[in-house]
Amino acid sequence: MRLESSLLCFLLIFFKIREFNCTASELLFSSNLLDSGEGGVPQFSQSSEDLLNDHGFAKHLEESLSFVTESTPSEIIVSSCTAFTNYYGDLAANFTQCAIRNARPLKFCEHCVDVYVNSLNVYRLIMEGSIMTTSNDRNVTCKKILLESDRVQIVVKTAHFIQGLWDECDCTNCFEYTQSGNGTITSYYPNNDTLVFLDMNEQAKNCFKNFSGDFDIYGQRSGNNTVCHDCEVEYHALSLFYDKLEEKEHREVCMDVVDAMNITRMIWSQQFQCRESYDDQVLVLTLAGVFCLLPIIFYIANMAYGARVNGQLIRQKRLRDIQSSETSSPDESLNVINT
Amino acid sequence: MRFTKHVITSICFNPSNLAQSQDYDQIENALFLKEQEKGRTLLVRKRWVARWLVCLFTGVGTALVATVIEVSIEHATEFKFNVLRKLINWCDSGTCMALPMLAWIAVNAVLVFLGSLLVTYMEPQAAGSGIPQIKCYLNGVKIPGLLTVRALLAKAVGVILSVVGGLACGKEGPMIHSGAIVAAGISQGRSRLFKKDFKIFEYLRSDTERRDFVSGGAAAGVSAAFGAPVGGVLFSLEEGASFWNQSLTWRIVFASMVATFTVNIILSAIHGHASDLSNPGLISFGRFSHITYEAIEIPLFLVMAVIGGLLGATFNGINGKLTVFRKKFIKRKWLKVLEAVLVACLSAVMAFVLIFTVDDCVENSEGHETDHSHMNCPDGQHNIMSSIFLKTPEASLISILHGKNEDYNMLTLGIFSVMYFMLACWTYGLSVSSGIFIPSLLTGAVWGRLFGMAVIQLFPESIGDKDLGKYALIGAACHLGGTVRMTISLTVILLECTGDITFGLPIVMVLIIAKWVGDLFNTGLYDMHIQMMGIPLLPWEPPEMSYDITAKQVMNSPVLTLNTTEKVSRIVDVLENMPHLHSGFPVVEKAPTDGEASPSSSETPSLESFGRCKGLILRSQLCLLIKHKVFSAANGDLVRVSASLPASADKEVRLEHFRDAYSQDIPSVNLEISEAEKDCCIDLQPYMNPSPFTVTMTASLPRMFRLFRGLGLRHLIVNNDKNEVVGMVTRKDIAKFRQNAKVGKIQVQELQIRQE
């Protein structure tokens, strides 16, 4: 099946029927995408790398190409690189779509991890230069074609965008990876903390659900309810767990978790108005008042009882006749040079 | 007198803790000339190398001190605020808010208590930022205890304690003082506190050399503190040094660069990337990469500058009144400590109450509870006030400068700027080690941001780039400029800190305007404090309209003179009983023919003369001569000058001894002088300065002023037309005459000297 699909793919490329390219590459790698499953806990068993590193794949590729197009080798060579870039383009498009669709409420890390890992692996494959082609009877890597042919380097920029988005959300902290020797991610799964958190969050939300009837359409409290009381245990457990998680991860918790927590907190405090009122305002303000009085007392006491020492003025020894005529009023201590 | 032995242990000490003038004038006596004859080339070379070495070590040493301070403060504040934040958040659900409040107060009080104790009892000169004192030192006034290891300890540890203790102060001012101490210490090659003499750089032990190094040290301090080497050099030039030359500038640039570079290396290494040198200074205000401003904003900046000048003048006015009050009423040491503790408590109370009562919440955009608490705010939001207060003032400044527009609300900023202004004003002048740079910048940045918000609300269309960071930066510059009235160095420091040269013009403009506006009302903060310390600082220019004041009016008239060969008993007598105003004595030769001059010494003082001027000898020299007992048996015969002076005197006292005694009080060995020795004589001629500076009685005040200012004189002998001493002018006599610019009227005012 692989052989067929790859053949199909490159035939199509060769004939420059671009509309079909996507389909072809999707065909090529669809098995992987299917493996990862939908949502939930993706277990990515067979990575694209396995596939691409497969000697059979490469061999067949070459064979098929040479078989079909002996007459114009350069065309083919470019095409073999194009196959990868095309596939990468699809992944990037999927990634962008996935990211935007999961922007609000933010479930980006959870839902886009498959396409991210795929894109990462493919990009790495392109960039590590293992894809060799011959151009004008010279061995050239695909990397070279992509990196040294123009100044914009769209593929690289796209890869940076994907990585940047991923890092910005600290998504890495939601997952655990296993990597093969050359850095390719072979499998990944959400780590324990994330699972526990999502579970607890679900519990809290379920608890909230029971009380949603008490609220009118504007989210205002419509009747006396006990949501604040009944869900307190779940909510506080969640909140506490999150705080600990934040400390543990050095405040780089992945954004899915952060956003879920924020939403739950908003619901709790703004929709349900579950805010504790402070009864100790009076106490705090009284204490503050007392402390404010202290310096006033201090200064007044010093003014009243402080030893006010005014040194005597030293008269300069001068010629006598001048001394008598030149006198000026001693001013504030500010204007007096003390010795 | 029944005692056969007379003990003079303490006369050579300064009777009170008063500031003295420095001796910049090279005493060209016989000893000096003798030394000059031998080994000249070698000494010149050695001295040249030593100067550069000292600059290198100064840079490195200052940087080390800076890093220790920086790292300690960083870790200590992180710990403190973590605990407090946890306590506040823990208490969030209950009715125990008094607990974190009291904890906060207690932490502040204890730390500031220690800091104040250290400063007040260990070295009072370490109080405040130290910049006024350094300025005085560089102007030529020696302040006892200013440049000692003790002061360095009190300063560095004190500033850590007061910043961590939550006072409204920064660590930059003290860094300048620390740098100066490091420079002074290294250039001397010894420490009095540890009683250790490393026997290096002995040929650099003079007031002149030391002054140059201190100005380099101050520059290195600035450059280590702000990561602004050029700003440091210019600071030293603008605020500090009164004496400056070109080759010195280059050495100072070197010291500053070394300081910045070393801080970079060490801080980078501490933060785990040793090869990366991108940690400029203890504070960098963060890079403003793309500030754009339009022509229409320039008038707005100028309005801000006027506000800054007014606020700065207000600050100085209030602080001046407060300082006068403190000087008058709070004199005891424990009262000073108590006052500092009270301010620390109130700082905590204010911060807490503001966080507690100002319900100004903002949604956690990041979601990371990094440095704020959500006290009184719904979950998922945080209290804006807490994001300013639960940090060091420095970190707050950086977040105010770089925060996003929606991070802060007008209400919070308004309340904060007013409260912090007053707090900073109250804090400066306490007996703790504290700087004024950061609080001023922070206050300015806050009201600048507020101003920017108002502008955007009023003219939403006309302003292109709506980044409030630039308004915060301009506000900070205006406020600091209006307070300390610096121009060149502040411009360069701000440019170097923000890394944006395109914003140079607005900063220069606002600093000029802020200074002009402020100067209409009072002087800069540092000058004001110098004035209140009562230190006779000589400004750059003599007072205007003072040419009618002549030496005759200014000089001290009955002068204590010594004869060229003087009896020991008289010298001891003079040293013991003389009013401590004088530390130099004209050496005269009584004209034997002038019969009528001596009897009329008290009756007709107007034309009294004290004999022909031969030279000038310093009090410290006299002390040393007596200590080394350079006596000659004269048997009371004062005329026997030539034969009596044996070569033994030269053997005993050489120039090294004088150099050794330099900047040291004569150690309190029990000098015992017997009656027999009292009858001996000392020939002062080989030791005195044979060519002191003199003026005639008709010299005007500006003329004498320029002599003092330009040459760094200590004593100026006034002679009559027969080259006979009639009076003496010292720095204080000159500095008394101040130009007093009341609004619309300029007049010269003479100040009085008060003994305390």
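Every residue gets a Cβ built from N, Cα and C, even glycine.
No curator has checked TrEMBL annotations; they are predicted automatically.
Straight from TrEMBL, the features:
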| type | residues | note |
| --- | --- | --- |
| COMPBIAS | B:598-608 | compositional bias 'Low complexity' |
| DOMAIN | B:688-746 | domain 'CBS' |
| REGION | B:586-608 | region 'Disordered' |
| TRANSMEM | B:48-69 | transmembrane segment |
| TRANSMEM | B:102-122 | transmembrane segment |
| TRANSMEM | B:143-168 | transmembrane segment |
| TRANSMEM | B:213-236 | transmembrane segment |
| TRANSMEM | B:248-271 | transmembrane segment |
| TRANSMEM | B:291-316 | transmembrane segment |
| TRANSMEM | B:337-358 | transmembrane segment |
| TRANSMEM | B:408-430 | transmembrane segment |
| TRANSMEM | B:436-459 | transmembrane segment |
| TRANSMEM | B:471-495 | transmembrane segment |
| TRANSMEM | B:501-518 | transmembrane segment |
Restricting to the same chain and to residues at least six past its boundaries, which positions have a Cβ under 8 Å from a Cβ of the transmembrane segment (B:213-236)? 54-55, 58-59, 62-63, 65-66, 134, 137-138, 147, 171-172, 175-184, 186-187, 204, 243-244, 248-249, 251-253, 255-260, 262-264, 280-284, 486, 488-490, 492-497
How does the domain 'CBS' (B:688-746) divide up by DSSP, counting helix, then strand, then coil residues? 16 helix, 25 strand, 18 coil
Is the number of Cβ-Cβ pairs under 8 Å between the transmembrane segment (B:102-122) and the transmembrane segment (B:337-358) three or more, considering only pairs separated by 6 or more positions? yes
Flag the pair the transmembrane segment (B:436-459) / the transmembrane segment (B:291-316) as in contact if three or more Cβ pairs fall under 8 Å (sequence separation 6 or more). yes
Cβ-based contact of the transmembrane segment (B:501-518) with the transmembrane segment (B:291-316), 3 or more pairs under 8 Å: yes
Which stretch, B:248-271, B:408-430, B:471-495, tops the Cβ pairs under 8 Å count with the transmembrane segment (B:291-316)? B:471-495
